[in-house]
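Undergrad: Provided herewith is a single structure, encoded as structure tokens, for subsequent inquiry.
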Amino acid sequence: MTQMDEAKKGVITDEMKAVAEAENVTPEFVRRGVASGKIAIPSNLNREEVAAVGIGAGLRTKVNATIGTSTDIVDFDMEEEKARIAIENRADTLMELSVGGDLDEIRRRILDLSPIPVGSVPVYQAAIETIREKGASIYMDEDVMFRAIEKQAKDGIDFMAIHCSVNRETLRRLKRQGREGGLVSRGGAFVSAWMVENGLENPLYENFDYILEIAKEHDFVLSMANAMRAGAIADSTDRAQVQELIVLGELIDRAREAGVQTIVEGPGHIPLNEIKANVILQKKLCRGAPFYMLGPIVTDIGAGYDHIVSSIGAAASAAAGADFICYVTPAEHLALPYPDDVKEGVIATRIGAYVGDMVKGIHNGEKDLEMANARKKLNWEAQFDAAMCPAEARRIRDERPPEDPDTCTMCGEYCAVKIVNEWLDSADTRIFD
């Protein structure tokens, strides 16, 4: 029985109880959300211990960190370090997206070390192994695609991005639409090229019921991949993207009937003024399924600082109702991220998600009040504790110690807070009577 099957029967699972406790909501609230498809809990039956993470309506916006090798840089130890850094800095999930080296080994190593849910994109493995064997991904056998899904499910992958919404109609719309930035989804590119070269429908779309059988057997979450997402602001919310979203909504109906949990991937590159419309459109067409925004990137010119660009997009997306954000690092569009990039990406995205959650009422700024009180009292330890990244806050202060330990080197003896605190404590306050 899957989490969704149990929820539909009225059963509250241990995972639902754990999510409820972490989110400060009732177990029944979580059960209803899972039953309706508005909350997903990635937890493969083949993993003995994985944190119960709830994604969806009424819950804290979650942050995903992607890791993985490239063809140019294959360093499994570094990828493990990146995973550990993401976990230490409180990413909620990981995605292992390697395309270089032994793909089975690196995936299993990450699964072994990660206490949080791990996702993947199985068509990467199918395409890469075909390229190694036959020279090009267009020679993929359909069976190779499904074997990759089944293998990764047996390994314990908790959620998989499946490119099942690329079909002939979405490709026709993409062709007619034309784009400034082209198609930027790697999985979408593999599938689209295969379809065009072979003159056939996408097997992942055509055999979606088979994918549902595999997902139901192992109870992993289908992350409905957005292959038609824009890779440039100029292409945002175009006909190809909307056409794909319509297909995704129809596939989600079938997944829910089968008792399979889903989340829906979204943009991408999108200007701030279109984020709310995209969230409304996705929630309407996909009947409230959890929305997984990739970044989003709200301007194309932030190279080297795209984690900041994404943090802005994450805040706006979470505020508008998005449920899950994939981080972006400073290396985005430039290079494979290093461990330090991963840390920066996780923290920046967590800040954006936190800001958005304040808008949608997930929290009332309790941590902000804690920080405000600590600052007023010049209590530096309490300030560190309240910070999003205590270690970084402490590092900066320790590197530049002030002469007066109550203050910082920005204001020193002219610290406004200290001056006012001392004045109010010592001055004649009859003026306020």
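Backbone N, Cα and C atoms are what each Cβ position is placed from, and that goes for glycine too.
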Undergrad: Swiss-Prot records Met95, His163, Ser185, Arg186, Gly187, Asn226, Ala227, Met228, Arg229, Glu265, Tyr292 as substrate-binding residues. Which of Tyr124, Tyr139, Tyr210 is assigned to the same site?
TA: Tyr124
Undergrad: With an 8 Å cut-off on Cβ distance to the Cys408, Cys411, Cys415 Cβ center, who else from the chain surrounds the [4Fe-4S] cluster site?
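TA: Neighbours found: Pro402, Thr407, Thr409, Met410, Gly412, Tyr414, Ala416, Val417, Lys418.
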Undergrad: Reduce the DSSP letter at Cys411 ([4Fe-4S] cluster binding site) to three states and note it down.
TA: coil
Undergrad: Taking Cα atoms as reference points, which of the binding-site residues His333, Cys408, Cys411, Cys415 is nearest to Glu265 (substrate binding site)?
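TA: That would be His333, nearest by Cα distance.
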